[in-house]
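Peer 1: My questions will all concern the structure given below.
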Amino acid sequence: MGFHIPSTSPARKWLGFVAAVWVQAISGNNYTFSNYSDALKSLMSLTQLQLNNLSVAKDVGKAFGIFAGLASDRLPTPAILLIGSIEGFIGYGVQWLVVSGRIQPLPYWVMCIFLCMGGNSTTWMNTAILVTCIRNFRKNRGPVSGILKGYVGLSTAIFTDICSALFANDPSSFLLLLALVPFVVCFTAVLFLREIPPSSTSAEEKDEVKYFGIINVVAVFIAVYLLAFDISGPHGTVFSQLFAAILLILLASPLFIPMYLMVKNFIRSNSVNLDFEGNNIAAVPFLAEQIVEKKDVGIVTKKEMATVPVIGEDHTIFEAMRTVDFWILFFSFLCGVGTGLAVMNNLGQMGLAMGYVDVSILVSFTSIWGFFGRILSGSVSEYFMKKAAIPRPVWNAASQILMAIGYILMAMAMPGSLYIGSIVVGICYGVRLAVTVPTASELFGLKYYGLIYNVLILNLPLGSFLFSGLLAGLLYDAQATKTASGGNTCIGAHCYRLVFIVMAIACVVGFGLDVLLSIRTRSLYSKIYASRKSKKSAVLS
């Protein structure tokens, strides 16, 4: 009776996905360091190298994401979300206490620990969300990855613009948002997000594609809305509050999908005219699916008898690490996300060095265009994989060469080049994240995916240390002059020129690795294409 939702119903699964979208929309706080880094630098009298190493400490938190990966196979999704939310509340809460002046600045090493906690909190959130949703929607991994990673990209702009609208870009208020909002949203998601069996019929799969399309449209509208707010100049108090209210309504709008399914289920369950023949017809694909499942069990049994799984089958982390393809994917990922993080962590200082007055708009630009890179690459790579068996790593290769061009533009330091460069880097960084997630699941399977994913994202702290902490920090300090407070500063295009050139070269190396991986995985994607085509033909016949 009523609107009771069965635990395995599509409505329950989509309600969980909407909750996952909300978590991802607030879990990109790791990319917002530029919004309050200058306050930390002046408050603690830091050099640029010391400040960059604080951002590295934040990213090092992701190295401990291995624990989230191990926990994903042992703890329920709600427990993983709770761990992340509590850790983030403590990590960002202490930073807020320092920046707001409620406590004295803590020793440098202590601040590193709390930044590390804030960075690690997102690995628990992302692991819970990605592993659960990709298992729930395993036949549409590209769109799932694109949407979820897209909202992570948008989260920087969401936080930045709401803080700008309500608190006039006050770094203290910004950190308070980072501490409280993820904590509350994760507690809400705990009520709805669960692992639910994936779609079992072609009709359900088609519905999934349709609903993902609707969420894509909503997400794009949100991104355009945020972009319009950023480029439309200063706003009054009433206008800014109205903007924030409409933004929250837009973020809540995907709830209409599970609500529609709940109403549909309610009407169906209360219908007295049961079509017996229709039920028999509907049972045919179910029986076919059972036969397929039995065949799959046989395949799995045979696979377990083999000593070494082949690419496309379930790998443990140690089996994956013994393959050449894992390391090609790992190091190409390092070239893309490492250089991208260096830009995101230093964008505030880059803007100030090159004479830009408002650097917060650069942070929002990178976030919003990163969203477009994530959400489009997820759907586009899925489409071409299903239609033409094009390997997903092809899109990573394209993003790497485009990112290299973006760094060259930044090095040239022409008028507006930092705007253009931040847009290009944002798009390509987004493509890199969204495409690598389903690629790893297709190459090494879903059984141990949580741990494999978290080993791959070790590239985030590693890349941050190499490209942001060492490369950008050391080369900036070499050009900077001392200030009276004990810190340093650098003004001019020369401050980061060599940094951009080295990162462009790294992207060219990444491009070569992605091309190699595309060649090596052609046979796998041809098999995926042939398998899906044969299943579709069987259902139609």
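The backbone N, Cα and C atoms fix where each Cβ goes, glycine too.
Predicted automatically and left uncurated, TrEMBL annotations should be read as such.
Quick paste of what TrEMBL says about this protein:
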DOMAIN    13-259  domain 'Nodulin-like'
TRANSMEM  79-100  transmembrane segment
TRANSMEM  106-134  transmembrane segment
TRANSMEM  174-193  transmembrane segment
TRANSMEM  214-232  transmembrane segment
TRANSMEM  238-261  transmembrane segment
DOMAIN    319-526  domain 'NFD4 C-terminal'
TRANSMEM  326-344  transmembrane segment
TRANSMEM  350-372  transmembrane segment
TRANSMEM  393-412  transmembrane segment
TRANSMEM  418-439  transmembrane segment
TRANSMEM  451-476  transmembrane segment
TRANSMEM  496-517  transmembrane segment
Peer 1: So, does the transmembrane segment (496-517) come close enough to the transmembrane segment (174-193) to give 3+ Cβ pairs below 8 Å, pairs being at least 6 apart in sequence?
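Peer 2: No, since the transmembrane segment (174-193) and the transmembrane segment (496-517) share fewer than 3 Cβ pairs closer than 8 Å, they do not count as touching.
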Peer 1: At a C-beta cut-off of under 8 Å, are there same-chain residues at least 6 beyond the transmembrane segment (214-232) that contact it? List them, or none.
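Peer 2: For the transmembrane segment (214-232), the sequence-distant neighbours (Cβ-Cβ under 8 Å, at least 6 residues beyond its ends) are 21, 143, 146-147, 150-151, 154, 157-158, 161, 165, 243, 246-247, 250-251, 253-254, 257, 361, 364-365, 368, 371-372, 375, 379.
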Peer 1: How does the model score the domain 'Nodulin-like' (13-259) in terms of mean pLDDT?
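Peer 2: Summing pLDDT over the domain 'Nodulin-like' (13-259) and dividing by its length gives 86.
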